[in-house]
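Asks: Pulled from TrEMBL, these are the listed features:
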type     : residues  : note
REGION   : A:1-35    : region 'Disordered'
TRANSMEM : A:62-80   : transmembrane segment
TRANSMEM : A:86-109  : transmembrane segment
DOMAIN   : A:161-289 : domain 'Palmitoyltransferase DHHC'
TRANSMEM : A:207-232 : transmembrane segment
TRANSMEM : A:252-279 : transmembrane segment
REGION   : A:392-468 : region 'Disordered'
COMPBIAS : A:418-438 : compositional bias 'Basic residues'
COMPBIAS : A:445-457 : compositional bias 'Basic residues'
COMPBIAS : A:458-468 : compositional bias 'Basic and acidic residues'
Amino acid sequence: MMKNREYQQIDPQALATPTPTPPPRPLPDHKPKRARRKWEVFPGKNRFYCDGRIIVARQSGVLPLTLGLILLTSGLFFVFDCPFLVRHLTSCIPAIGGVLFVFVIISLFQTSFTDPGILPRATPEEAADIEKQIDNPTGSSSSYRPPPRTKEVIINQQVVKLKYCFTCKIFRPPRTSHCSLCDNCVERFDHHCPWVGNCVGKRNYRFFYTFIVSLSFLTAFIFGCVTTHLALRSQGGNGLVFALQASPARYPFIFDLVVCFFSVWSILGLSGFHTYLVAANLTTNEDIKGSWSGKSGNEDVGNPYSYNSMIKNCCSVLCGPMPPSLIDRRGFVPSDDSVQTSPVEIELPAAKNDINMCTHGTKGLLETASRSPLLTSSCPQAKPQAAPAVLEPLPEITPSPALEPPKIAGGRQSTNTSHKHHSHHRSKGKQASHHTHKTANSSPRPHHSHSSRRKDSKNRDPKFSSLR
Amino acid sequence: MAETHSLQDLRQAAVASKVFVQRDYTSGTICKFQTKFPAELESRIDKQQFEETMQTLNNLYAEAEKLGGRSYLEGCLACLTAYTIFLCMETHYEKVLKKIAKYIQEQNEKIYAPLGLLLTDPIERGLRVVEITIFEDRSIGSR
């Protein structure tokens, strides 16, 4: 509403003043005083720190809790157990503990702060090109919502369906999934882990694996040390209970014992599960959905990405080349080519934009030619896609919470603006929340049965966190 | 000289249309682009030349993603240092990406700009497409 009024107010000025001097209102918007970096106009629901060097999900989830538990448990271990054990056993104990602790913390930060493999959204021209290719064969009219689009491709003698992502306006590559919490398509999507506060995907899966493996070693190590400590103390006195009562550090003991006891089982179980996934070159997403396990009588299904050798699978997943980040967070938004990311266009209605393009003759034929034939068809799509890119609040975004139907049940925090464009694409919304529903509804795996029953906060199993 | 001038001239030329060459997933998730010759380029460039460019690009990406002794060594070393070497060292993939950027610029200068075309480095489009911009024919001499 406000925009229409602004448009009418400026219009007479534009008509009154001739072309050489453009209306003062758009001028500061079209020529920002400083070049913006791409992370500032990023359309997904991520947060950035250190000028784009660090990326996290919108909700940091339980990351502070994870960090706090690790620091507290390890701290108590170093303070209360290490001195005793160094005296009675060996001084290697704090050294080993220290190395494990450093590994855990570093890999946790790398998992949380690394781009998991986010696919940047399609530029308007790309989206228009894909739309053309889809609409041409079927010749569908625009009067009804088109069915969900899929494309089939044969990989290694398997038929793989590529789905069209309505948010990102691309056909998702194989193994890519759209995370509704982060509102991004992530390559080789494994799962969204609230414990680390980020998605786990192609680029940070090795960090995640290192984290859970080193954490299992650390918790097992601390558990062993604390038990040894108690055992040694109770040898001298009248047993365990007396040793506990007499010791000034009984609460740290109990805390460490309890935390480590529950953590060891759940984290070891998780590490075992992910080791199986790595050896089979599967993702949690595929495993839960049963994509390659021969469901519904399809006997010939097998994993087309597996090298059929455990060693080669492990090497390719964990030691393969590190792919680059595709979103180029710290790159500068090109000031000429404002088609993709400039928030300026969003603040003005599309028609007004064209008028300004015409008055701004010096902007270059390059832009006008690229805009007029191609954007007229993609503008309605570009607007809802580009709207969340603006970091300042806009009237277009504020109604979205009202529009948002409660799609995701089961304990996840409500997502706000992402469902704005999901509201008229229900199938996409279902697909987006499909994996979260799946994680909520899937039955526990055999070696996770004990961890899934644990309802206390010590359980670090990320897959079943949505049950809480 | 004529080539560099034409590349700069392109900056002021009008864009007629853009062609997008999509990814080819038949070999799995590796980065590979379709080598099929788009119909819109038929009047502009030789099919052979285009396919050669795409094939070279595919080969370069395959080299970046190759699983071999070198990448395993890099991976194991990184794992032992808790992946902190990624903060200091440029990975093999990034080195090949620089090679690719140079190759594309060279191809643009030598072959595509004189024909009124411009290849965009796929990394700027998230490795999804190879974007070929077709500029309006300003009576550039035929090859």
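Cβ coordinates come from backbone N, Cα and C, glycine included.
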Asks: Looking only at the domain 'Palmitoyltransferase DHHC' (A:161-289), what is the model's average confidence as pLDDT?
Replies: 87
Asks: The transmembrane segment (A:252-279) and the transmembrane segment (A:86-109): do they have three or more Cβ pairs under 8 Å, with pairs 6 or more apart in sequence?
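Replies: No, the transmembrane segment (A:86-109) does not contact the transmembrane segment (A:252-279).
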Asks: Short question: which residues 6 or more past the ends of the transmembrane segment (A:62-80) have a Cβ under 8 Å from it?
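Replies: Contacts with the transmembrane segment (A:62-80): 56, 94, 97-98, 101, 104-105, 108, 112, 194-197, 215, 218-219, 222, 225-226, 249, 252-253, 255-256, 259-260, 457-458, 460, 465.
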